[in-house]
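Noted in Swiss-Prot for the protein shown:
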- Asp312, Asp316: Mg(2+) 1 binding site (BINDING)
- Asp312, Asp316: Mg(2+) 2 binding site (BINDING)
- 312-316: motif 'DDXXD motif' (MOTIF)
- Glu464: Mg(2+) 3 binding site (BINDING)
Amino acid sequence: MENQKVPISSVPNLKELSRPIANFPPSIWGDRFINYACEDENEQAQKERQVEELKEQVRRELAATVDKPLQQLNIIDATQRLGIAYHFENEIEESLEHIYLHTYVENNCFQGSHDLYSVALWFRLLRQDGYKVSCDVFDKFRDYEDNFKNSLMEDAKGLLELYEATHLSVHGEEMLDDALEFAKTRLESIVNHLNYPLAEQVRHALYRPLRKGLPRLEAVYFFRIYEAYDSHNKALLKLAKLDFNLLQSLHKKELSDMARWWKSLDFAAKFPFARDRLVEGYFWVLGVYFEPQYSLARKIIIKVFTMISTIDDIYDAYGTLDELELFTKAMQRWDVGSLDQLPEYMKPCYKSILDVYNEIEEEMDNQGSLFRMHYAKEVMKKLVEGYMDEAKWCHEKYVPTFEEYMPVALVTSGYTFLTTISYLGMGEIASKEAFDWLFSHPPVIEASESVCRLMDDMRSHKFEQERGHVASGIECYMKQYGVTEEEAHDEFRKQLVKAWKDINEECLRPYRVPKPLLMRILNLTRVIDVIYKNEDGYTHVKKAMKDNIASLLIDPMIV
């Protein structure tokens, strides 16, 4: 932490102020993504034709397996893992409904298949699609003492699929909790004795199960794994690689446009104390939705994301309490006339927020969805109020109880805010009823916020305390309960398990809102697991984050 004295003439009675500067690392990307070289139109058109031809071939293969559920499940699994399931949403929906009705509702189990892999795959794919199939289907793999049978010990493929399936568990499914421990322990003991590619697949799953992985990032990893299996579907693999490259071109174009916009604002110079993280922010947004139909939605959320990241740092790492009070009041008024009442350094940020929202408002008006702006503004106001509450705690050196801390910290996690903004560009599916549901703070939102807040606090609290940050949940919990830091981490890990079960429960049918809206919440939660699993990868951009960004936005797939 470094204290700097900065004159602020526009704040009454303040001549020199001592500020705790966080010294965030600068952006590592520079202008790398500003320039975008468009692909030759003829080559682009040829690739698009190939994609359409391959899509038709895959559709025919799906249709041909209608009476072969295991083959159909394997094709569906591959399309999802390769990141191309969005092309076949209707076909996959119909196939899974057919499988559910004919193998579960009519028979109450997955008849005709007694191996662990097949049953676990069936269970996982149906659960992923919202069907609450019973975990009793795994009873056949347990002995009379309710332990999983010793005969499963060497079935690495089946154990891996069981391990993946257990991450779809909900509350009260102790069998799946036991199955997770059993599969995880056994896989850890045999992984070094397995051959490639299964060994690599097991290692990856033990680090990050499918349920917590970002679909686009998981696809990049799965390309080489899938290709290494002799049984891979060549049409699927080629389609996935071509589609990946076409989408990557679109994403690079979007990022190039955003990079020019961001540079024109010159926030890096105007707010040198704040994190300059446009590229990392765009990676975050790609985690929420990568599909081409959400291009407008991405452009909206990345602009707002960069604004709120700067505001967060103004509250956390620069502003005085008096200045922050002025900014908070200006946000509540939401009026360009409030500019005159702000310190000079705050004005560009406040003005840019209003400009971005005006731009979004014009787009919403064109779509006949102006009602969405009420929610977008209200959620911003509430977020800033939360930042102000934390700033007061920090100023007073107050350490709240964990129960007092969490309601504010869930707001400042920003995840209700980001979910709201993520809905703005999603078209008619984001109805007024959907926004009202979101603002009722349903369990799935609280769970998503909890994952964000708990993982953020676990990974960033030491750096934050070194620079004079508000007490994190770790400090609050340690002080209130008189426990060690490791004991606090253990409790947070238990709460993370609970939160993921809440999310799984809320993603089961019947859906309270359309599934695409729930997927934004699930994907936002997944982003946190990717960026904050071992460190705060957003603030301190190290190898893991660099590699993830490069894999999605720099390195094409070799077809």
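Cβ coordinates come from backbone N, Cα and C, glycine included.
Around Asp316 (Mg(2+) 1 binding site), a 10 Å sphere centred on its CB holds 23 further CB atoms from the protein chains shown. Across the motif 'DDXXD motif' (312-316), the DSSP tally of helix, strand and coil residues reads 5 helix, 0 strand, 0 coil. Of all the Cβ atoms in the protein chains shown, 17 others lie within 10 Å of the Cβ of Asp312 (Mg(2+) 1 binding site).
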